[in-house]
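As structure tokens, the structure follows; a few thoughts come after it.
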Amino acid sequence: SQYSAVDTNPLSVYIMQPIWNKIIKLVPLWIAPNLLTFSGFVMVLFNYFLISFYDWDYTASGTSPGLVPTWVWLFSAFTTFCAYALDSIDGKHARRTQSSTPLGELFDHGLDSWATSIFVLSFFSVCSRDNGKTGVSVYTMYIYLSIVLFNFMCSHWEKYNTGVLFLPWGYDISQVVLIAAYLLTGTVGVEVWQKPLLFGYYITDVLVILLIGFSLFLSFPQTLYNIHRAHLKKTLKNDSLYEGLLPLVSPLLLFLLLTVWVVLSPSNILAKQPRLFLWMVGVAFSNVICKVIICQMSSTRPELFHWFLFPLALVVYAAISGLLGCMEEAVLGAFTALLTAAHVHYGVCVGKQLSEHLNIYIFSLKKRVQE
């Protein structure tokens, strides 16, 4: 299907787009657009692992503010800006080099679906987890991450039904806020997050309220409105309500299973291993979304139940019934590693299949030789 996206966000249209149009001129024409996309993703990953090294359990900013060196926050601002820029110019560069392909679209959105959670997980290190005085509880982190992922899913669910990707306003705003937060932390220190800002509210409270407000009162209603408009214009891709709602079944079941684990875990797994658990949430979600993106691009039906809902259900049942006992953390670790490996393997396989099918290389603009 032909790719179409609509961007109506004033921040993007009037401020960021002119910047990207200048930056794109610096990119040599022989560079493949997917290389830009991938480089941005690698920067996001590298930054995440760097922060994890200094702050594995999200306590560094709260208990001993100097634990994460200042340069790490400034580096985070830099990598976030680079990733944001690369993600914004890859499509422009593809049109410039006349190399726009479905593979590029999938590559871009597939990596975005994973990067979305990683951005959020890196940011949690800035505000630190609740230590009785300041910080955010691990449950707030889980809800916060879920809302961000729900927003991401909505825009692709909307595209599945309308054929048009309406770029969510939250994206540009969140990237600019992230970069500003890292710069603020690097220049002033993490203490800025630990003093009340207004009326006893902390910056983190304000951000959480903004995020929830944005999602519930802007993004989600906008999605429903766009689908409703397509329905009135008779341009909906799916005739029946069942078909239209089908892509939501697996993500909602995934959220349900994970929430049951969080709430009923005998060893309070989220509090013990927040970084591991939230990483697993992000990977699981990305895999489900990638399936929806592929279905939407190839006009095929998504399956009702995503395959790993079954092993996940088993693990969750074993954990909450007390079967795992003191092995719960170890099983979470093993499950997370397997899931991550499966997700990477899936991405590599889809990429290889598409590149062979379309007769192109993923990271080069050279044409494949026909055999």
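Counting starts with 1 at the first residue shown.
The backbone N, Cα and C atoms fix where each Cβ goes, and this holds for glycine too.
Note that TrEMBL annotation is computational and uncurated.
TrEMBL lists 26-50, 70-86, 136-154, 166-185, 197-220, 241-264, 276-294, 306-324 with the feature transmembrane segment.
Sequence-distant residue pairs (6 or more apart) of the transmembrane segment (306-324) and the transmembrane segment (241-264) include at least 3 whose Cβ atoms are under 8 Å, placing the two stretches in contact.
Across 136-154, 166-185, 197-220, 276-294, stretch 166-185 shows the highest tally of CB pairs under 8 A with the transmembrane segment (70-86). Most Cβ pairs under 8 A with the transmembrane segment (136-154) among the ranges 166-185, 241-264, 276-294 are made by 276-294. The stretch in closest packing with the transmembrane segment (276-294), judged by the count of Cβ pairs under 8 Å and taken from 166-185, 197-220, 241-264, is 241-264.
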